[in-house]
Amino acid sequence: MNCIIVDDEFPSREELKYFINEFSNIEILDEFENPLEVIKFLKDYRIDIVFLDINMPGIDGMSLAEIIKGLYDDIKIVFITAYAEYAIDAFRVKAYDYILKPYSEETIIKCLMKLTNNEEIDEKKEKKNRGIDGVVGWFKEKMYVLDYDEILFIEACERESKIYTKHNIYIAKSKISDFEEKLPLKKFFRTHRSYIVNLEKIEEIIPWFNNTYKLKIKDFDEEVLVSRNNIKEFRIIMNMI
């Protein structure tokens, strides 16, 4: 798997190169300060990933992304920018990820892990798609199949997890990280190391201490936390820009 970096800021390119080299096996084929040079390069070389800034001279990253996708729709584009307001446009051009500057080490590493595991994930998609649209939980010594729409949120509980629904709390013999991998990304989001929330069940977003949020969940009295580490991604997903 290989990539190029397109960013007119040298320090930003250097920092990103460090993370890529340190935490992944992705090969950096080249880096570009001038985005206009990228199109010619892509005609001569086969690229898997483009790390792309947005505000650049000559042509902006969003326009360049549209050109790239027009040439090779399967190239994964990861936007790297200081501006959250382009997030909706990024998903319109089918961006693989959207990372805000200054870089959060956790966010970068998470993205790199997704990219490097992507082939394995693709291989598992067919098996996953054959499964039911739901999960299995225990309640009073019986197993129940729960539709995704029934789930309000999931809470980590040591090596198990609690699945909260409108009427009951079920126990699952899986860690919360297992649910994070299996649940559909468009519907569920890990707001905190202890919680995964059904985004469609959020009733109210309450500002909290240290620039965090508490979430009021439909049909549930208690509130769920959004950690500081996940605030930026949560705001993008919820179109809070």
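Cβ atoms are placed via backbone N, Cα and C, with glycine included.
Annotated domain 'Response regulatory' per TrEMBL: 2-116, in sequence order. The predicted model assigns the domain 'Response regulatory' (2-116) a mean pLDDT of 91.
Positions annotated as domain 'HTH LytTR-type' by TrEMBL: 140-240.
What TrEMBL lists as 4-aspartylphosphate is ASP53. Its own atom aside, the Cβ of ASP53 (4-aspartylphosphate) has 25 Cβ atoms within 10 angstroms in the protein chains shown.
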> Where does ASP53 (4-aspartylphosphate) sit in DSSP terms: helix, strand, or coil?
Replying inline: coil
